[in-house]
Amino acid sequence: MSSASTHQPKILVAVVGVGLVGSELINQLLSIPPPLSPFKLVSLTSSSRSLFTGKESPIGPNDSWKSLLASSKAPADLKALTEQLKQLVGEKERVALVDNTSSEEVAAFYPTWLKEGINVVTPNKKAFSGDADLYSKILSASRESGAKFLNEATVGAGLPVIAPLKELLATGDKIIKIEGVFSGTMSYIFNNFSTGTPEGPAFSSVVAIAREKGYTEPHPADDLNGFDVARKLTILSRLISSMPSGSSLPSLQSFASVQTASLIPPALEGIPTGDEFIKRLPEFDDEFAKLRVEASKENKVLRFVGVVDVAGGQVRAGLEKYPTDHPFATSLGGSDNIIMFHTERYSPRPLIVQGAGAGAAVTAMGVLGDLLKLV
């Protein structure tokens, strides 16, 4: 860090959501030695309570932030937090709020916070992939006040996906197509299920193992419906659409507008529990095995991919076949994500980003990386 930046006023940080990612982010943020840190941690909000220390006595690396929050009598109250942060902005402080939740209720506050000059940093996909009206309010609030919203961790956790896309667009490159394995869960399932041979483990057993390892949601249908991928595609698509060269893309009202081919067998739609779903899934193993055999006849593997096809004017998510020598077949392992940017400049060979796309440590890193962009 340059000596100039150490004299800049520190950014006051309020953290909402202190679960797996939130806790990891706080620990990473507090591990920067205070003299070098460009941040002061002034507020924590959990689902039930809140702590506001103010700028004079921020939470430090030697404080037990969990105990401080647990002993706070103040309830979680986003309206009160907004007023406290507004006051700091009024005192000419630079303020950033980090939303580590996956809550739509918290996301609905973004336009208010941005309008008040509070920067918003988040891995929460809801605001950027939900209702188009909320997204447009976020854009105009940010433009109006100059406060930034940064959401790198919404697509690939700590992987650089949004930053390079913004840079490609800002420097005048034209995006032809983005395609990728955007879901760590789907990556793990198909890396193990489809390797290019006609044989292999039963689909239901791969899903069951993925669930035991914690790669899936408690109810695997929440992954197999493809909604997580559709949300990520919506985020990327809206970013591209904001540039004149992306005008051929459909205007997405929400992630539900993405053409998404769910992997949930119709007979299992609406099954209430994950346990029952796993118990019934073997009834459909033959159907999935047939798809694997068909792919292997063409020397291909099955992968659940997301595609933003700017040239073709289409945004879609579903199961597709790729040759056994394609990077989606050869270089993927475990639950890695891989994203290819086909652009005018990166053509015919695309720009490829690959690595762990889920997990608390890398997600928190993506969030902290965004906070550092404010410095």
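Please read every residue number as a count from 1 along the shown chain.
Positions of Cβ are set from backbone N, Cα and C atoms, glycine also.
Because TrEMBL annotations are produced automatically, they should be read as predictions rather than curated entries.
Computed from a predicted structure; not experimentally measured.
The annotation domain 'Aspartate/homoserine dehydrogenase NAD-binding' is assigned in TrEMBL to 17-150.
According to TrEMBL, the NADP(+) binding site annotation covers GLY17, VAL18, GLY19, LEU20, VAL21, GLY22. GLY17 (NADP(+) binding site) is surrounded by 23 other CB atoms, counting those within 10 A of its CB over all protein chains shown.
With a 10 A radius on its CB, THR101 (NADPH binding site) counts 22 other CB atoms from all the protein chains. What TrEMBL lists as NADPH binding site is THR101, LYS125.
Here TrEMBL flags 160-372 as domain 'Homoserine dehydrogenase catalytic'.
Sequence annotations record features per position, and here TrEMBL assigns L-homoserine binding site to GLU217. Residue environment of GLU217 (L-homoserine binding site) contains 14 other Cβ atoms, counted within 10 Å of its Cβ in all protein chains.
Over all protein chains present, the Cβ of LYS232 (active site, proton donor) has 28 other Cβ atoms lying within 10 Å. The active site, proton donor annotation in TrEMBL covers LYS232.
Listed in sequence order, the residues SER23, GLU24, LEU25, ASN100, THR101, ALA360 complete the 8 Å Cβ shell around the NADP(+) site centroid, once GLY17, VAL18, GLY19, LEU20, VAL21, GLY22 themselves are left out. If you draw a 10 Å sphere around the CB of GLY19 (NADP(+) binding site), it holds 13 other CB atoms from the protein chains shown.
Summarised by DSSP class, the composition of the domain 'Aspartate/homoserine dehydrogenase NAD-binding' (17-150) is 58 helix, 24 strand, 52 coil. A straight line from the CA of VAL21 (NADP(+) binding site) to the CA of THR101 (NADPH binding site) spans 9 Å.
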